[in-house]
Amino acid sequence: MTAIRLALVAHDARKDELASFAERHRVFLGQCALFATGTTGLRIMERCPELDITRLKSGPYGGDQQIGAMIAENAIDVLIFFVDPLSPLPHDVDVKALMRLALVYDVPMALNRATAEMVLAAVLRGGKAAGEAAG
Ligand SMILES: O=C(CO)COP(=O)(O)O
């Protein structure tokens, strides 16, 4: 089976939550091809050093756009993006652009932990969330 290409992104206030999520699912994540924005990737690797994560630029410096471009190139199957809804962000337009491309290309996109748990459960069961959309 081809590895699921999973993008992981979190805003600062949600990075601990995403690192804990990654830790809980570290066995499954170990079977995925993982991509993350710079600081998010670092935080996950601190908790789960065995995970092989391709780290892109930090979000405000183009990391969100890099992941968006990967989605447009059909190189991401699932986006997990723990968003902070309570803080203003200097790169809000990049965040919106990333979400927009996930919508345009119908890539499963989890914006909080509850949804991410459901998406991973669906991926484990197979089906569209498992990357068939990339077909
Ligand atoms: O800003 C981000 C998402 O919008 C994430 O970037 P970092 O993982 O580098 O903090």
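Every residue gets a Cβ built from N, Cα and C, even glycine.
Remember, predicted model here, so these are calculated numbers, not experimental data.
Taken from TrEMBL as is:
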DOMAIN    1-135  domain 'MGS-like'
BINDING   His11, Lys15, Thr37, Gly38, Thr39, Thr40, Ser58, Gly59, His91  substrate binding site
ACT_SITE  Asp64  active site, proton donor/acceptor
Neighbourhood of Thr39 (substrate binding site) by C-beta distance under 8 A, where only residues 6 or more apart in the same chain count: Asp12, Lys15, Ser58, Gly59
Asp64 (active site, proton donor/acceptor) and His11 (substrate binding site), distance between Cα atoms, whole Å: 11
Max CA-CA distance, Å, over listed substrate-binding residues His11, Lys15, Thr37, Gly38, Thr39, Thr40, Ser58, Gly59, His91: 17
Output field, substrate shell: CB within 8 Å of site CB centroid, site His11, Lys15, Thr37, Gly38, Thr39, Thr40, Ser58, Gly59, His91 dropped: Val9, Ala10, Asp12, Pro60, Gly63, Asp64
Rounded distance in angstrom between the Cα atoms of Thr37 (substrate binding site) and the residue listed as 'active site, proton donor/acceptor': 7
C-alpha spacing of the residue listed as 'active site, proton donor/acceptor' relative to His91 (substrate binding site), in angstrom: 9
Per-state residue totals over the domain 'MGS-like' (1-135) - DSSP helix, strand, coil: 72 helix, 20 strand, 43 coil
Number of Cβ atoms other than its own within 10 Å, given for Thr37 (substrate binding site): 26
Per-residue Cβ crowding (10 Å cut-off), top of binding-site residues His11, His91: His11
Arithmetic mean of per-residue pLDDT over the domain 'MGS-like' (1-135): 94
